[in-house]
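Chemist: TrEMBL lists these features:
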type     : residues                    : note
ACT_SITE : 89                          : active site
ACT_SITE : 162                         : active site
BINDING  : 86, 126, 175, 372, 376, 383 : heme binding site
COMPBIAS : 29-45                       : compositional bias 'Polar residues'
DOMAIN   : 42-430                      : domain 'Catalase core'
REGION   : 19-45                       : region 'Disordered'
Ligand code: HDE
C-alpha cells in the first residue's frame, strides 16, 4: 500500500490499495474509487471479502464455524464501537470554520492569533447541552457549551466557554456535587436532561452561590432558538501577556451576527418531541445552504486598578463585568463554513482542554478555572482511551509539533531514530526555545495554605437582581414562569420554599409571584445573606435577549401551509419576499409529494402537516384554497398548528381562504391582533416579512397564559 501525494486542498488524498485507488478524507476512506467505481469490500487486514451476507456454516442449516475470521472481526469491531460519553456536555454538535482577527491586540499579547490581522486561522467549534445524555433532546432547559478550538500557528488554543457568562459554583471542588445533583437521580435513573427535579433544586437551594446562575438558566437563554443565535462567553477572567511580560485581564465574548433569539418554554417542550435534533439540524442546514453562521470575538480588557475597584471579585465565576462598565471591543470574526465529514471522528473525538493555551494567553487564579485545567486532560484520557488522543486528526495541531513523548495505546507519532530524550549527543530531535516558548505569567504568590474564598465571593444576590432588572417585562414573566414550572416538578415542599427564600433577596415581586404560582401558604423568611447585597446596581441592556434581537428576519424560517388550489401568485410573492430578506421557507402540505397550485404546477412539499407542527418555524403562513381549508378542518394537527402559533406569539399570515383554519385553531375575530396579518394580495408579502423582524408579537402572550 502506498499513499500518493495530497491532491486536494481539503486534505483528501488518494490512496492506492492493490490495483484500486480510493479517495481518503482526513478521517478515513470515503469508499469511492478515484474512477468512481465501487471498491472491493475488505477486512481490516485488507483481505477481499467474497460474501458479506452469510456466516460460514457446516452446511446451509449447520452450526456456525469459528474459522469465520471475517464474521468475528466484523462483530468484534461492532461490539467495541461505543466510547464513554462525556460526563457533562455529552450531546453536542460541531462545525469547522475560521477565525479572522480584524483589530490587533498585539500591544497586549504576543499571541499571533490575537495579533496578526487578516489571517484565517482554522477553528472547530462544538456546541452542546450540559446535563443530558448523548441521545437526549436539543431543547432541554440547560446551559449550552460553546467550545472553540483554534488551530493557531503557535499551537492549539481551546476557548471552552458557555452561552452564559457566569457559572453555578465558585470552586471546582463543588463541580461533581453540582453535576450529580442536576443529572438523573441515581436510584430511579430519571429525569433525563432536566433540572426540574428535587435533587437539583435541593443542591441549588442549599448553595446560595448558584442564585445568579439560576436567574440565567430560568431565563430564555436556556432555550435558544438556534446555536446561531446565541452569545458565547469564556466566563473566567483570563490574562493576555505582552512581549514585556505585562499582563492585562481579559474576558472573552462571542456575539452572533444574526442577533439573539430564543424560543418559549411550551414551544421547547413540543420541539423536543417533533424534532429532538432541532439545533443540530438547524446548524447543518444553514451551513449546507451556504448561510454560514458568524460571530464576532469580543474582549473586555481591564487592569489591576479596575479589578481592585470593582464591586466583585474578578476571580469569581458567578459574577460578570457589565458591558456598560467595561465595553466589549470587537476584534475578530468566526465563520463556520464546513460541516464534519464524520460525526464520530470529529464531533465525538474532539477533546477540548482549558489548559490548551498559546504563548501570550494565560490563566488567573479563578478557582474554577484552576480546577478545570486538571479535569479536561484527565477526562479525555479516559474517554478517548489513553494519552495519544492528541494524535487523532481533529485534536492534532496544524502547526509543526515535536517532542519525545512516546508509546502508549494507539501511538501514531513515535519519534524516528535513536534519540528519544533531550539533551542528546546524536544531534537529533527538538530542543527547548526560550524565545518562542510558552512562559507562564510571573505572578508573585504568597499566602497561607487555606480552604477559604475571597471575601467578595460571598455576595450572591446583587448581580442576580441586576440581571433580573435588566430584562423586559416579557422576559421577567418567562423567568417567573420557569421557576414555577421547575419547582412544581419538585415533590418536596420544603425545597420549593427554600428557593423562594433566596428569591426574596433578589426581588420581592419575583418571590411573591413564584410563591403564588406554587400556591405556597406563606411567604418563607428571606434566606440570611452571607454578605449584604448591594443596592442600586444599574440595569444592563446587554443582558436581555429581546433588547439584542436581530434587525432582519434573515436566517429564520417560515412554515407555509399549502393545499391543492393554493394561489400560485401569492405563494410566488411570498417566496420572493422571503428570499430578498434571506429567510427560508418550508412548504407544508397534506401530502409530502406536494400540491397543485392555481397555475397547474405540482410543487413538492418539504413536510407533511402531521410531522411539521408550527413550533418548528419562526413565523407561519396559511395559504390553503377553500377546498384545501375544508379538508384540513378535519385534521387535528392543522388545528394545533394554528393554535400553537397563536399561543407562542408568532406572526401568522393568512390568505383569503384561511379564515376557517384560523377559526379551527381557536382564533376568533376578537382574537385577531396586529400579529395576525391578512395576505390577500401579492403586494402584502413584503410588509409581512418586515413585521416578522420583531420575531414575536409579545403583546399577545399575556392573553394566552392565565395560569
Ligand atoms: Fe466543563 N467539563 N467543567 N465547564 N465544559 C467538560 O470535559 C469541568 C465549566 C464546558 O464540547 C468535561 O471533555 C469542571 C465551565 C464545555 O467537548 C469535563 C468544571 C464552563 C464542555 C469538564 C467545569 C465549562 C465542558 C466533560 C468546574 C464554561 C464541552 C467532557 C471546575 C466556561 C466541551 C469534557 C466539548 C466539558 C469539567 C465548569 C464549559 C469533565 C471540573 C465554567 C463547553 O472535563
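Backbone N, Cα and C define each Cβ position, glycine as well.
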Chemist: Pop the mean pLDDT for the domain 'Catalase core' (42-430) in here, whole number is fine.
Modeler: 97
Chemist: I need the least crowded one of these recorded positions (86, 89, 372, 383), counting other C-beta atoms within 10 angstroms of each C-beta.
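Modeler: Result for the recorded positions 86, 89, 372, 383: minimum number of other Cβ atoms within 10 Å at 383.
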Chemist: Please report how many Å separate the Cα atom of residue 372 (heme binding site) from that of residue 162 (active site), as a whole number.
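Modeler: Residue 372 (heme binding site) to residue 162 (active site), Cα-Cα distance: 14 Å.
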Chemist: Using Cβ-Cβ distances, find the residues under 8 Å from residue 175 (heme binding site) that belong to the same chain and are at least 6 apart in sequence, listing them in sequence order.
Modeler: 169, 368, 371, 375
Chemist: For residue 376 (heme binding site), just count the other CB atoms lying within 10 A of its CB, please.
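Modeler: Step by step: centre on the Cβ of residue 376 (heme binding site), count other Cβ atoms within 10 Å, giving 18.
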Chemist: Give the distance between the Cα atoms of residue 126 (heme binding site) and residue 162 (active site), rounded to the nearest whole Å.
Modeler: 11
Chemist: What is the total of other Cβ atoms whose distance to the Cβ of residue 126 (heme binding site) is within 10 Å?
Modeler: 22
Chemist: Could you give the Cα-Cα distance between residue 86 (heme binding site) and residue 162 (active site), in whole Å?
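Modeler: That separation, Cα to Cα, works out to 16 Å.
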Chemist: Which one is it, among the recorded positions 89, 376, 383, that lies nearest to residue 162 (active site) by Cα separation?
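Modeler: Going through 89, 376, 383 one by one, the closest to residue 162 (active site) is 89.
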